[in-house]
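I have placed the structure first, in the form of structure tokens, so that the comments after it can refer back to it.
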């Protein structure tokens, strides 16, 4: 019986019709400065590939072109490494399902309006420097005398829901036109949402300094409520609302 099942499975695999899906992927190699950026076409058999775009990218890299370069790590939407522009939208390749229509070509680009290291790898140095600039850590002038942790109420803890889940993938910031044109000074949706996360943390005692840092014409107020950030967030968060809440706080300063 076991041999019969194995033979039937093997026959089904051998006779299955390939379902070839076309992917056009952005390619650029800094080691070849005379070669312009271009889209390179690959075909992947959907019958022999996982359901996510990252599965297709790994299959291409492992079986067709080892030079294809992209970031990836957890494959579970936790690390944010595989953020890229897929089919015109910023998202995570590990969470983006492959369009099963073989007649449609899927185009994959790096996150838009960023310097590119190679292929699908954006340079996030500036993005991380902006994140560092908001001092994203607990700041206090005094601590409990007994040396224990600083506690907060259940209600205060709930205020952080929808904020701390950000994985800093930069999908939202790189979908924002204001960030495209002003990223040297405008902090962008992702960083501002984290700024708000620390502004409303009941345990933090640097609220005044944090507000002062944001009270200028560029760091915060380049947001024009386009809301691309909220639409594209792969974690379902709402950076636009966080920015609006910061503006409300600063209006009373």
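Backbone N, Cα and C define each Cβ position, glycine as well.
Per Swiss-Prot, the features are:
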BINDING   74, 79, 82, 94  [2Fe-2S] cluster binding site
BINDING   166, 169, 172, 233  [4Fe-4S] cluster binding site
BINDING   176, 223, 229  [3Fe-4S] cluster binding site
BINDING   181  ubiquinone binding site
DOMAIN    23-114  domain '2Fe-2S ferredoxin-type'
DOMAIN    156-186  domain '4Fe-4S ferredoxin-type'
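Shown on the structure are the features that Swiss-Prot records.
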residue	record	DSSP class
79	[2Fe-2S] cluster binding site	coil
94	[2Fe-2S] cluster binding site	coil
166	[4Fe-4S] cluster binding site	coil
172	[4Fe-4S] cluster binding site	coil
181	ubiquinone binding site	helix
223	[3Fe-4S] cluster binding site	coil
229	[3Fe-4S] cluster binding site	helix
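As a summary of secondary structure, the domain '2Fe-2S ferredoxin-type' (23-114) carries 14 helix, 27 strand, 51 coil according to DSSP. By the criterion of other Cβ atoms within 10 Å of the residue's own Cβ, the least surrounded of the binding-site residues 94, 166, 223, 233 is 166.
Listed in sequence order, 73, 167 are the same-chain residues at least 6 apart in sequence whose CB falls under 8 Å from the CB of residue 79 ([2Fe-2S] cluster binding site).
Cβ atoms within 8 Å of the centroid of the Cβ atoms of 176, 223, 229 (the [3Fe-4S] cluster site) belong to the same-chain residues 172, 173, 175, 178, 179, 188, 189, 192, 224, 226, 227, 228, 239, 240, 243, site residues excluded. Checking each of the binding-site residues 74, 82, 233 against residue 223 ([3Fe-4S] cluster binding site) by C-alpha distance, the shortest gap belongs to 233. Least crowded of the binding-site residues (74, 82, 172, 176, 229), judged by neighbouring Cβ atoms within 10 Å of its own Cβ: 74. Among the binding-site residues listed (74, 82, 176, 181), 82 has its Cα nearest to the Cα of residue 169 ([4Fe-4S] cluster binding site). A simple way to gauge crowding: the CB of residue 169 ([4Fe-4S] cluster binding site) has 25 other CB atoms within 10 angstroms, across all the protein chains here. Of all the Cβ atoms in the protein chains shown, 11 others lie within 10 Å of the Cβ of the residue listed as 'ubiquinone binding site'. Within 10 Å of the Cα of residue 229 ([3Fe-4S] cluster binding site), the following binding-site residues from the list 74, 82, 166, 172 place their own Cα: 172. The distance from the Cα of residue 233 ([4Fe-4S] cluster binding site) to the Cα of residue 176 ([3Fe-4S] cluster binding site) comes to 11 Å. Checking the binding-site residues (74, 82, 94, 166) against residue 176 ([3Fe-4S] cluster binding site) with a 10 Å Cα-Cα cut-off leaves nothing. If you measure from the Cα atom of residue 166 ([4Fe-4S] cluster binding site) to that of residue 82 ([2Fe-2S] cluster binding site), you get 15 Å.
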